[in-house]
Each structure stands twice: as C-alpha cells, then as structure tokens.
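**Student:** Okay, here's the structure, questions in a sec.
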Amino acid sequence: MMRDRQLFSGLMLILALLSLQNLCHCDDNTVLYESFDEAFDGRWIVSKNGDYEGVWKHAKSEGHDDYGLLVSEKARKYGIVKELDEPLNLKDGTIVLQYEVRFQEGLECGGAYLKYLRPQEAGWTPEGFDSESPYSIMFGPDKCGATNKVHFILKHKNPKSGEYVEHHLKFPPSVPYDKLSHVYTAILKPDNEVRILVDGEEKKKANLLSGEDFEPALIPAKTIPDPEDKKPEDWDERAKIPDPNAVKPDDWDEEAPMEIEDEEAEKPEGWLDDEPEEVDDPEATKPEDWDDEEDGMWEAPKIDNPKCEAAPGCGEWKRPMKKNPAYKGKWSAPMIDNPAYKGIWKPRDIPNPDYFELDRPDYEPIAAIGIEIWTMQDGILFDNMLIAKDEKVAESVWKHAKSEGHDDYGLLVSEKARKYGIVKELDEPLNLKDGTIVLQYEVRFQEGLECGGAYLKYLRPQEAGWTPEGFDSESPYSIMFGPDKCGATNKVHFILKHKNPKSGEYVEHHLKFPPSVPYDKLSPVYTAILKPDNEVRILVDGEEKKKANLLSGEDFEPALIPAKTIPDPEDKKPEDWDERAKIPDPNAVKPDDWDEEAPMEIEDEEAEKPEGWLDDEPEEVDDPEATKPEDWDDEEDGMWEAPKIDNPKCEAAPGCGEWKRPMKKNPAYKGKWSAPMIDNPAYKGIWKPRDIPNPDYFELDRPDFEPIAAIGIEIWTMQDGILFDNMLIAKDEKVAESYRQTTWKPKFDVEKEKQKAEEEAASSADGLKSYQKVVFDLLNKVADISFLSAYKSKITELIEKAEEQPNLTIGVLVSIVVVFFSLFIKLIFGGKKAAPAATVEKKKKPEVGESSKSEDETEKKEETAAAPRKRQPRRDN
C-alpha cells in the first residue's frame, strides 16, 4: 500500500495542474481587452450623430452573472466607439482580433460586426462616429434575408489612385443560428494569411493578396482586355455547322405523331364504364351564406368515386398510348466541323495601367473600435473584445481558482465558448495490462450544466517530436473518461481506443448505455475501475452506475472482438421469395348488406334544443370598445371593421345562433370493406443472407491496452465555471475510496447543505410573496368598504408603504388591526360630542387676509370627506 502511494503521488495532478500560473489578457502582447465587467461609461463613447438613437446598456448575459454591452431596443441604429491608447500598426507581426457576441433572442435580422477604425481626420470626435467614419477592417457576423456571413472586409488604399477600396472575403463562414454566445476570431499573419475562427474552430483560411480569396483583388491583374479592340465582322465562332450538302431522306415523315394508340390493349375485366371517376361529396352541404344570385348555382365539391377504388377503372375506357416506332420528328441536317471556325474571339490583352505590385497589404493603423449597426432585433450582447499580437493570448484561459463556497482550489475553465487544452505528462508510462487500474477525478459545473464536456483523455505515448505544447484533439489517447452534456448528448463517456491486431488501425470502442450526468452545481466524483478479468465499473459519487465487460459486444460498440461470422454480401434474395406472413383472402366476397357509403356519424334525431338557446344572437359581436385608428385610410386600407369578441349575452345561455342537432356514431357504419387476412401458403419467412466466416475475426483474452503516458483535458465548451480537482490514478480501489471519504465527501456534504438551504430560502421567499399578495388583496377590498370611507386614506397609505417595502407586511397588518379595534371601541362606546351650535347663529366671518385660505381649506376637507382618496394601482408581489 505504501509503495502504491509513493508510486502514484506523482500522478496526483492536484498540485501539478494547479501550479499553472493564471493566464490573463494582460501581457505585452495584449493591445486591448474589454470584458465589460464594469459599466462602459467613460471608456466607450456613444455616437451623438444623426439618427443613432439606439440605447446601449450594461447588462448581464441571460443565465449568467457575466456582463456585456447590450443592444436594448429593436429597429434602431446604434453607434458606439472606443479609442485605443495609441494607434496599432498592423504591418508587422501577427495581429489577432477577437470578440464574443450573443443573439439572446435568436438571430432574425441584424448585424453584430465591429469596425476597426483608422486614424480620423482632424477635428473628428468619437461623438461624431457614424457609417462614414473610415475604417481599416470590418469583421463579424451579419444576417438578414439572403445575407448570412461572417464579414471580413479590408479597406485598402490603392497606391496608384489614392482611393480607399473595400476588399471582401469571398465565401465567408455562415453565422451560427442559435441563442448561444459565440466567439469570432480573425488572425492576420505576416505571410499575408488570414484565418477566421468561430468558437475556436477554423472556418476559413485565405491569402490577403489572392484574387481567388478577395473581391476585388488587392493586386490588380497585370493585363486587361483592350477596350478598343473590336471583333472582325467575318470572325466565325461556330465550331459546328449544319451539313449544307445533307438531304432529308424520302421516308422521313415529319408529320408522324410521337405516340399512337396501343391496338393490342384490351379493356380490363371489371372496368366500370357507367361510373364517373369523380362524384359529388355526399357530406358536403351548401354554406348558409351562399347567395345563388351573387355566387352562382352552388355545386358540391367532387371526390374520388369510392366505387372505383376496388375496380381497375371507371368512365369511358380509352386505349393507352404507346411510343410510335415511325416517329422521327422534325428533320435537321447533321452537324459537321465548321471549316471557317476561328475560335471564340476575345480582345487582345494590353498592360493594365492600374497594375501595381505588393508584397504586403499597406494596412492603415487601428486607432479605435466602433460598433455601427442597424438591427431589427434587440438582445444582442457584445463581450470580451480583444486585440492581441499573439494567437495564444486569444486561446482559452485556465485559472487556479477556489471552488465556490470553499477554500479548496482547482483548475478552472474561466471563459465560455472556448476550446481548452492542457496536458500533464507522467513521470513514466503506466502499463494497463497488469492488475487493477483506478481512474478518478472531480469536476464541478459551478454555473450549472448547460452545454459542455468535462472528460479527461489518458494519452498513449506520442510520436517522436511531439511536445505537450502541441496537444490537440488529434493527440492519440488510450482511454477517454468523464461527463459530456449538450443537446441530446448526456452521458459519462468511457471510450477505449484499441489497436485492431489484424488491420493495425486504432478503433474507438464506446461503452453502451453509459450513466447520465448529475444535473446540479455540486462536485461529483467520477471513478472508472478496470479489473484483470476485463470488468470495468463506472462509479459516480462512489455509487456504482454501470458494470460492463470490455470484451462483450453487448457492452461496447463496436465490440472489441468482431463476430465469427458475417452475412454474405454476395448473397441475393430470390425473386420468388415471399416474406408476407398474411395475405388478403382471394376467395372472400363483400357481404351484400355491407354499405360502404354509410357515413361514420349521423344526426341525433332524439336531441332537443336546450331551453334558453338564443337563436337570434350571434356567437360573436363587434367589440364596443374598439375605435377606428386615427391613421386608417378607407381608400388604402379598406372599410374599417371592429374586431370581434365573444357575445357576452351567450355566456349565461346554453348557446347562440342557429341550433343544429349534434352528431352521433352511426350504428350502420362499417367503412370500406376489405378481405380478411389469411395465412400466406407461399410464405417463406423473412429472408436473410447466409452467414460466412468473418475474415476480420480474431480472438482476444485481454484488451491490448496502450500505456498511459499523460493526462490531457481537451474540450470545447459553451460555458465557464467548470472546475477540475483531485485527479487520481491508482492500482488499488481502496486508495480511491480513501480519497473520496477524506477529501471529496466532506466538501460534497457542505455543498449539499448549502444547496438545501438555498432551495429552502427560495421556497420560503416564494411563499412569502404569495402570502403578501393575499394580504394586500384583502386589505384593498377592506379599504373599499363604504362605512370606512373616513379612514380610507389612512388605510391606503399604510398599504402603499407595505407594497413599497414588502418586509413591513406584518407591521402593516398589526397597524390596520389597531385601526379596526379603535373604530370598534368608538362605535360601541361612542365619544364625547361638542354641543351643537344654535341654528340661528351666524358663522364667524373670516378676516379679509384669511378669507381665501380658509375657504380653500374648507373645500379640501369637504372633498376629502365626500370622496375617499383613490388608491394607486397595486403591484403583485
């Protein structure tokens, strides 16, 4: 045991992987990185020019806590710009342009490209940014109507004319059509190569100076057709001409028809001459609103005559047509080589006066980044904009980070929509052929599992010259193990890449019916145990989820050991082989009383019109609250008609309009007759080819495992927050179990308790909101009681305060109970009243200075008493 621990301590990748330094967009090769984690005000300037009225917002990406720059309104022009600290020279070295954009409402009609602006004219300010602001490169997605492309446009100065010309990438990639975040990358190399990547995958490679890749080409053609050259009048471009000496043969009949009647054809037995092919639909009825004078005489629609279905045909029988053997068509002279043929004429080439040579595009520097788009949709979110001088800066970012809610560190996938690759070489290759092997690790989807893989690749020894820096999806592995979920895929992979001893090829053998991936934000631990007897067991959180045999075709697809026999590919089914187990009885006859015309349903003659049926009331009436729009034009829009609503008079009645008897099942209905099925006397069973020995068969007692030389993580994921931890390779199950109990389980239990508390808090909050809504609804009804009108303003004021601060609900309820209790005491015991003034006593006349004020106050008091205060609309909590 001690030897196992010492041997595999070097394989405990916890420390080795986590010792990697945290990569960030902050080195000398990073020109600009904008994450939008903070509000953009001050760094980005919104265009004040013209009709750029779209509102930019600093907002979270849906389903994330990650912020971005949001297009917030539909059908608007948007303009915003950020100036670089200093212009970036594009002429030297590699340049990487990258950013993310998400169409959160889906992609309908809108652009989301960036403009990399060149230095502007004197006096230009970011507030003046518009569609005319000159750029050096335009890059990014655009889709509307027939347009669906990832633009790459280079605006290049023609060294001869001095004019700037837009050069468009030919056949650009299309735009992903979903609601996910996609990252777009353009890499410009010193050798004039440009590569376009979408989500880290190369979609287009082109040469900036090639006319096959850009339209128009940056370098004009050396020669052009002479515009002054004219084709000679006697120039004959016809390679073939009709033979002028040919004569139409005497027996060539141009009038002979292409087809003639087949005189040998006979009318099939059972043909129904007196039955039409189509008959009136017996179930069709004349519409109630049909007007014979306006609409003409009503005729029932036609249907196929059911009597013709079992017959070979109906109506007048006519002989079928056949190809006329005498038909030759219109005669024309055969074509012969034209002796005067000179070829296709083209003007002579002359030197192109606009030609120039170029070794490298004469890029204009980038001085700013601008977004200038017109879009018909909202919800477009820009994020993580990067300009760099090294491709590696734009690649995935691994971080050494704490697991949420713990002080335990792990290896973190820090950004979404990226390809990630990282590898750790073992001190020496591990032989898998002897004894038990245990593979185990933890992975946590801290943002929940949406779309991503988190599997490990256990690499076999690589070819000579391979280095870990070259690790990619093509690096060969021995075993791939771990969770993967996106769309319909939801599985814990176990894939063995095994060398076929006959062909020498490596084949992927996938575990059938693998376990599914836990759908939570906890830290599950995945374990694969390979035993010497070819058994493999998959554990999730220490619980066995799958047991399989490595050599069994029932457990792996394809099977490691091919079948001994295979169907003979040369064997053919005989033409007279009958696979029909049952056939219609050829001797059966339709019973005389079988009526195929009987309808499935008939009117219920016993039904009676319900009492209270409103015959004269239509089911729908014009909406009395609808009004004709002010901009409605009867000439252009037609006569305006109010929209229809359900007739309110019909709500309390059993029905409205003309009453019709309901339909019921027809007891005489039998449908179309068909002969009963009987056993087929000619039935031979389902044919299958004979088996022959499989030439690819081989025997195997134990998989010929390739050694494990390294562990790699090579994934493409649409989400961040994936944390790898506690990776283990061991030769004893107890070692893995010990780590689960001492390292994983305490952490997992803490996470479960935290999750349980969060769920209870969320449930409690939902319950409190429901309770508050019930309380506020009740209190508003109480406030409307007429005899409480004098107190309504106080009650309403308390309710409004409670709605603004829901946590005060209990206090407000107590306050209103006190009000009711005071009112109850006052009503029961009464109160001391002032002696009424004599009816003949005159009111005290106010002084002149106080007259208007006193009258106003008196009017306000009278209005308050007479008309209780109208409460504000409530908010549902």
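Note: Cβ is positioned from N, Cα and C throughout, glycine not excepted.
Got these off TrEMBL a minute ago, pasting:
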COMPBIAS  225-241  compositional bias 'Basic and acidic residues'
COMPBIAS  251-282  compositional bias 'Acidic residues'
COMPBIAS  567-583  compositional bias 'Basic and acidic residues'
COMPBIAS  593-624  compositional bias 'Acidic residues'
COMPBIAS  840-864  compositional bias 'Basic and acidic residues'
COMPBIAS  868-877  compositional bias 'Basic residues'
DISULFID  CYS109-CYS144  disulfide bond
REGION    217-316  region 'Disordered'
REGION    559-658  region 'Disordered'
REGION    835-877  region 'Disordered'
SIGNAL    1-26  signal peptide
TRANSMEM  808-829  transmembrane segment
**Student:** What is the three-state DSSP composition of the region 'Disordered' (217-316), stated as helix, strand and coil residue counts?
**Tutor:** 7 helix, 18 strand, 75 coil
**Student:** For CYS109 (disulfide bond), list the number of other Cβ atoms lying within 10 Å of its Cβ atom.
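**Tutor:** Excluding its own Cβ, CYS109 (disulfide bond) sees 15 Cβ atoms within 10 Å.
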**Student:** Just to be sure I understand, if DSSP states are collapsed into helix, strand and coil, how many residues of the compositional bias 'Acidic residues' (593-624) fall in each?
**Tutor:** 0 helix, 7 strand, 25 coil
**Student:** Near the Cβ of CYS144 (disulfide bond), how many other Cβ atoms are there if near means within 10 Å?
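**Tutor:** Neighbour count, Cβ to Cβ under the 10 Å cut-off: 15.
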**Student:** Tell me the residue counts in helix, strand and coil for the compositional bias 'Basic and acidic residues' (567-583), as DSSP assigns them.
**Tutor:** 0 helix, 4 strand, 13 coil
